[in-house]
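Peer 1: Once you've had a glance at the structure underneath, I'll fire off some questions.
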2 protein chains.
Amino acid sequence: MTPDTRAREFDAADPLGHFRARFRLPEGVIYLDGNSLGALPKATPGTLARVVESEWGDGLIRSWNDANWFDMAARVGAKIAPLIGARPNEVIACDSTSVNLFKLIAAALAMRPGRKAVLSEPGNFPTDLYMIAGLEAQGLAQRRLAPREQLAAALDGDVALLMLTHAHYKTGALHDMAALTRAAHDAGALVLWDLSHSTGALPVDLDAVGADFAVGCGYKYLCGGPGAPAFAFVAEQHQAELQQPLTGWFGHAAPFAFSDDYAGAAGIERLQCGTPPVLGLAALEVGVDLIAEIGVDRLYAKSQALSEFFLESLMAHDVALDLVSPPRAADRGSQLSFRHPQAYAICQALIARGVIGDFRAPDVLRLGFAPAYLSFADMAAAARHIAEVLASGEWQREEFNQRAAVT
Amino acid sequence: MTPDTRAREFDAADPLGHFRARFRLPEGVIYLDGNSLGALPKATPGTLARVVESEWGDGLIRSWNDANWFDMAARVGAKIAPLIGARPNEVIACDSTSVNLFKLIAAALAMRPGRKAVLSEPGNFPTDLYMIAGLEAQGLAQRRLAPREQLAAALDGDVALLMLTHAHYKTGALHDMAALTRAAHDAGALVLWDLSHSTGALPVDLDAVGADFAVGCGYKYLCGGPGAPAFAFVAEQHQAELQQPLTGWFGHAAPFAFSDDYAGAAGIERLQCGTPPVLGLAALEVGVDLIAEIGVDRLYAKSQALSEFFLESLMAHDVALDLVSPPRAADRGSQLSFRHPQAYAICQALIARGVIGDFRAPDVLRLGFAPAYLSFADMAAAARHIAEVLASGEWQREEFNQRAAVT
């Protein structure tokens, strides 16, 4: 049986197949980059038009009350919470992932006086590592990196925080959240999980593993749009003592009392800083609502089936690529990454065929499988395109070897 | 001659009168709160629809290059620059005003080792004062407040930074930017100007006064929409040595090299932190383009004429309110504020009549005059409504005395 035949059978039996129609996907495109920027929900333009024309245009300043803009950050956070095993009052949607990392790294350092080390792994997503640099220059933190198999051993009495990304951005490899959280706590450290490559595709259970902090991205599997607001999680038991340094007026207990002195809000609202980005939050809410409607468990099951079928399809075409993702579906996020010295040009040649994947420097072709809108037919077709690009050598064309600004 | 007759003459002669048609303003509303949330430019919904449907929906991840999302923050910043007397490479649009304050306060402290004091005035906009609190809790800053007439005397050798708002949010009173910048520099301190209540309504000349840093708001006179991205200014001569603590990947010299180590971009881009909010920047750009097209000098002339005529109209109705704004137009921003023990209820009664102003705790009625879309007829009508509300005592109704969440 060919991959195409099998794909038709899988798609016919796919309980999530009809959700594809809820997204706008351009003709002729197989989109394997939803882990970088999620596709556009068809409901988003209408919602945004309403927020812009009716709430902003007609409601004007009154919409802070009348359209509940004031509560948007907490409301969207509460909707993200069940996707990551958190209580509604433990999550808020605000700022960027990077800014939220800063708040929580600094908060952890304040909770562990005498400890300065922030432990992570080399090759973690750059901004996670970079956000330690500013605190290091201020003399407040010390970055410590250890390869993942040596992380537990590196957890000594200097470590205030263990900060890791659950699903690795480049390889998709998963950390054992429960075991590492336990190890950190045993060493007296706190834990911050970056869920950017998990939320909306993989089940995560922050409260069950006893996580202290987490952050995540709104524009990948949550389909919130380019540069969407991010989210932050603080376990309920830490909220009362939480000191985060971005002490802006929207995190104040009474922002509109206009007092001169800062007093943080009682709950997760303390994590807010400036005025919330209403347009960005409105778009994010549409994506979160849709992903929540589909359901994380069903998304995860389909994600695993898609990537397994994609590997089968590559084999059926006799494509032998160097897989850098974990071979077992249970050990990886919703992606497959392959190492090839010409990964950049191959990625460009695929994009020219409408198969949009991602290049990750220096030599990785990364294919993301957003289960909300991809079909098994997409998998079969993508595998065929890869086989053809490799067999034909068309990636050697000059046009595919010129680097763009953002790759 | 009645205020209404004079208003007709003024409007007929107003060279900016036709720009009102470029904004969507609801029927029956006189909007005197454009200094809190600017009105919606009619071009914004179409631009946003194009960015969402075509650039995000169809372009997907390719739009970072093809639609120049990668350059948006610097491009919008460069468009704001001429409105505030800056060079295009000195301004970037990013994050919130609060977050940008944090970056620049911390940067100033790093540039003045041995000095910890951040000098401001009591009653400055809350978030400006609050953003010192986080750095104070980290042991990096000391807040020092002095009334405006004592600021120069408070500039001693401990002061790293003088941080003030050019046009006061509550009264509209202006600081003398040139004199205070000189005084700070003479004392070895740096200066950060908050231009939130100036940009797009008053001329500001940051380079001429020798300002070091500035921030400003995108959602007031720039009409960027609720929670629009803010902007930050760093004088060219400080950019090479600037160390700001929010060291995210979009401020990296080579974000897509994915190296483990942070290295700040050479120029103003170093002020970026996380992935830029594309939808928010797209809306902001429409507002900035429109304000730039009208021109700050013309906006300022009309702003002064509007507020003078409004005061005349109040007098014509024999309304005697306690003006807390400077009486001379040259000494204030584009607003008039009045103190009244029942300011909240009066504000609500006016809103019920379609005259939308702002209450600022505890007792200030604040009326903003956004010159891009207000007419002299609006001034005459607003003055008449105020006279009627005060004469009738209708503000005493219970419904006008119940506080909403955001006031």
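Using N, Cα and C of the backbone, Cβ positions are placed for all residues, glycine too.
Among the features that TrEMBL reports, pyridoxal 5'-phosphate binding site is placed at B:Thr97, B:Ser98, B:Phe125, B:Pro126, B:Thr127, B:Asp128, B:Thr165, B:Asp194, B:His197, B:Tyr219, B:Trp249, B:Thr275. The N6-(pyridoxal phosphate)lysine annotation in TrEMBL covers B:Lys220.
How buried are the listed features, and what sits near them?
Peer 2: B:Thr165 (pyridoxal 5'-phosphate binding site) falls within a strand when secondary structure is assigned with DSSP.
A C-beta separation below 8 Å, combined with a sequence spacing of at least six in one chain, links B:Lys220 (N6-(pyridoxal phosphate)lysine) to B:Gly34, B:Asn35, B:Ser36, B:Leu37, B:Gly38, B:Ser196, B:His197, B:Thr199, B:Gly200.
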Peer 1: Are there binding-site residues in B:Thr97, B:Thr165, B:His197 whose CB lies under 8 Å from a CB of chain A, and which ones?
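Peer 2: Filtering B:Thr97, B:Thr165, B:His197 for a Cβ under 8 Å from chain A leaves B:Thr97.
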Peer 1: Based on Cβ atoms within 10 Å, give me the single least packed residue among the binding-site residues B:Thr97, B:Thr165.
Peer 2: B:Thr165
Peer 1: Around B:Phe125 (pyridoxal 5'-phosphate binding site), how many other C-beta atoms are within 10 angstroms of its C-beta?
Peer 2: 21
Peer 1: Tell me, if you would, which residue among B:Thr127, B:His197, B:Trp249 (binding-site residues) has the fewest other CB atoms within 10 Å in the structure shown?
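Peer 2: Sparsest of the binding-site residues B:Thr127, B:His197, B:Trp249 by Cβ contacts within 10 Å: B:Trp249.
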Peer 1: Work out the three-state DSSP category of B:His197 (pyridoxal 5'-phosphate binding site).
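Peer 2: It is coil.
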Peer 1: What span in Å does the pyridoxal 5'-phosphate site cover, taken as the longest CA to CA distance among B:Thr97, B:Ser98, B:Phe125, B:Pro126, B:Thr127, B:Asp128, B:Thr165, B:Asp194, B:His197, B:Tyr219, B:Trp249, B:Thr275?
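Peer 2: Pairwise Cα check on B:Thr97, B:Ser98, B:Phe125, B:Pro126, B:Thr127, B:Asp128, B:Thr165, B:Asp194, B:His197, B:Tyr219, B:Trp249, B:Thr275 gives a maximum of 30 Å.
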